[in-house]
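Enquirer: TrEMBL lists 75-537 with the feature domain 'Major facilitator superfamily (MFS) profile'. The region 'Disordered' annotation in TrEMBL covers 34-57. If you look up TrEMBL, you'll see 98-117, 154-172, 178-200, 212-236, 242-263, 275-294, 306-324, 336-364, 384-402, 434-459, 471-494, 514-533 (among others) marked as transmembrane segment.
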Amino acid sequence: MSTCATTVVAPAIELSEIRNKPAVSSAPLHRLSHDAAAGSQQSSDPTTAREIPSPVVPTDRIFDAEPSPISQTSRFLIISLVVILNIVQVRGTCSGRFMSAITTVVGGLAFSAALGHEVKPGRANWMGASYSLTQGAFVFISGRLGEIYGHQRLVLVGSAIFTLFSLVNGFAKTYESFVAIRALTGIGGGIFMPNAVAIVTTMVPPGRTRNIALGFFAAAPPIGGVLGGVLVGVFIDLAPWVWLFVSTAIISAILTAWLAYLVPPEHPVDRSGKIDYIGAALGVSSLVLFNVVWNQAPAVGWYTPYEIALLIVSVLLFAGFLVWEDRFAKEPVMPLRLFSASTFTALVFVVLLSYMSVGVFVWYSVSWQQMLRHSSVLDCGIHFIPFGFGAVAAVGIAAWLIPRLAAQWIMAIGIVTILAANLLIATMPVQQTYWAQLFPAILLSSFCPDFVYVAAQLIASNSVGRRHQGVAGSLIGTLNLYGNSLGLGFAGTIETELTDGESPSQIVFGFRAAAYFGVALAVASLILDLGFVRLPKDEREGWEEDEPLRDDQPTIVVHASATAVERQI
């Protein structure tokens, strides 16, 4: 890192004072520092503005995140709408950041049958995989798009895409078109999610209030999952299922329009930044193709020529992505220096493997109920209600544990819960009361996603520098969504390759094999976590003075009474 980077911290001032000061881009460094300190007691920091030589200020990049000009009431309404939209998106797709599409999982087999698709082992997994695939892939780049074009704009764009294709999804007539539209809907979800988080974190500074806001945001997926799982059963059993998607689109459209009316004019934090389009194209296409290969293999078999061809192409694209990011990209979409820390590298695989295990559990627990126990879609949705309550509780428990327990142990607890859940599914008899093994398995599994996600984000934020925080966070978001989808492909391949025929005994054998694969994924994740991931307790409160967002520029951090201001010059 360049040694010319300098941080100046001014004393607390009122928000009104900040608004009366000249913009950073229009004043030299020494003048800005003097103005920021005017009217306050002299800073106790021995480093003063007079001791800092005025640097050569680049004019092409100005990071100018400012205090929100809106009232507390408007800010509350905006954050509330973002949270409700997150619930609606999870309700409509139930592909929240920790679940493998419960609506299209719970209703997936019924949707497949209604669309004339053959329902048998390995033939319907795209119902649960398509949305998570594209959502995970586009989370990878949408955070960076938000920095350049504005997080609020990207939230509205993502929500609009979700709304449009949710409406179209209700009128799909074939299995293939339904799956394709689910994938297009996932693009909207992928654009929405990281930018929605950014809205929350930029409107509320670090501390108790932000933790509460993020807690509500984190609780949205399990709440939406419960609603979606039950409502899909109601619509399939009692009404035309098209209304599930139409009602979702209507509610989403109303909320999106209201949010568009409320949000103030936006100044992106990196409006002059550039996007690594080549790196993004190589990365996203390699992720999508690799996932498509594994989720298509159970249906067509590995002897199909295009399966091998696409697998080779996906690997070559990923290799090209690594070379481009390392040698040619001026502003890489994923700087490879992130992986110089052994903890971060291990963390990537821990998150991927644990969420693959979650995806396997959700799909096969639903399939077991519907194909072997002949439960209705509504019954299946009701059976997953404990997942929602458990996940909401897990959000609070994980937040409570953060300052009390090292993050790798929080993550380990979550991994153990999904390990036990898959083991219960793998060993339960074909016919058994719901309360014996399925109920405790569903309840246990609900703790894994949030424990792993919260701990992983904490470890990632402490493992990389400040200028790579957004990239690291987006990568964790990509891994948990992508893992849900990829896990189904791997498990489906195991299920179909180890079974011979469609008799009930063969179906049971295939399901057990897939569940044991979920156990193996969790075991591997746990070993990596305990062996290579390390992070002490986190007891921070408020903004920290850290390295600048760019190596060659100083950072001025002004702590205000209402919010925190960071300007990059």
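Every residue, even glycine, has its Cβ placed from backbone N, Cα and C.
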Enquirer: So if I exclude everything within five residues of the ends of the transmembrane segment (434-459), which remaining residues of that chain have a CB under 8 angstroms from its CBs? That is, six or more out.
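Expert: Contacts with the transmembrane segment (434-459): 97-99, 218, 222, 343-344, 347, 350-351, 354-355, 357-358, 361-362, 365, 368-369, 383-384, 386-391, 393-395, 397-399, 402, 407-408, 410-411, 413-415, 417-418, 420-422, 424-425, 427-428, 473, 476, 480, 533, 535, 538.
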Enquirer: Would you kindly check 275-294, 306-324, 336-364 and say which stretch has the most C-beta pairs under 8 angstroms to the transmembrane segment (471-494)?
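Expert: When the Cβ pairs under 8 Å are tallied, 336-364 comes out ahead.
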Enquirer: By a Cβ-Cβ criterion of under 8 Å, what residues six or more beyond either terminus of the transmembrane segment (336-364) are in contact with it?
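Expert: Non-local partners: 98-100, 102, 105, 125, 128, 132, 322, 325-326, 411, 414-415, 418-419, 421-422, 425, 441, 445, 448-449, 452-453, 456, 459-460, 463-464, 468, 471-472, 475-476, 479-488, 490-491, 511, 514-515, 517-519, 521-522, 524-525, 528-529, 531-535.
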Enquirer: Under 8 Å between C-beta atoms and at least six residues away from its ends: which parts of the chain pack against the transmembrane segment (178-200)?
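Expert: Cβ under 8 Å, 6 or more out: 78-79, 82, 85-86, 89, 93, 95, 97, 104, 111, 115, 126-127, 130-140, 142-143, 145-146, 151-152, 154-155, 157-166, 168-169, 172, 210, 213-214, 217, 473-474, 477, 481.
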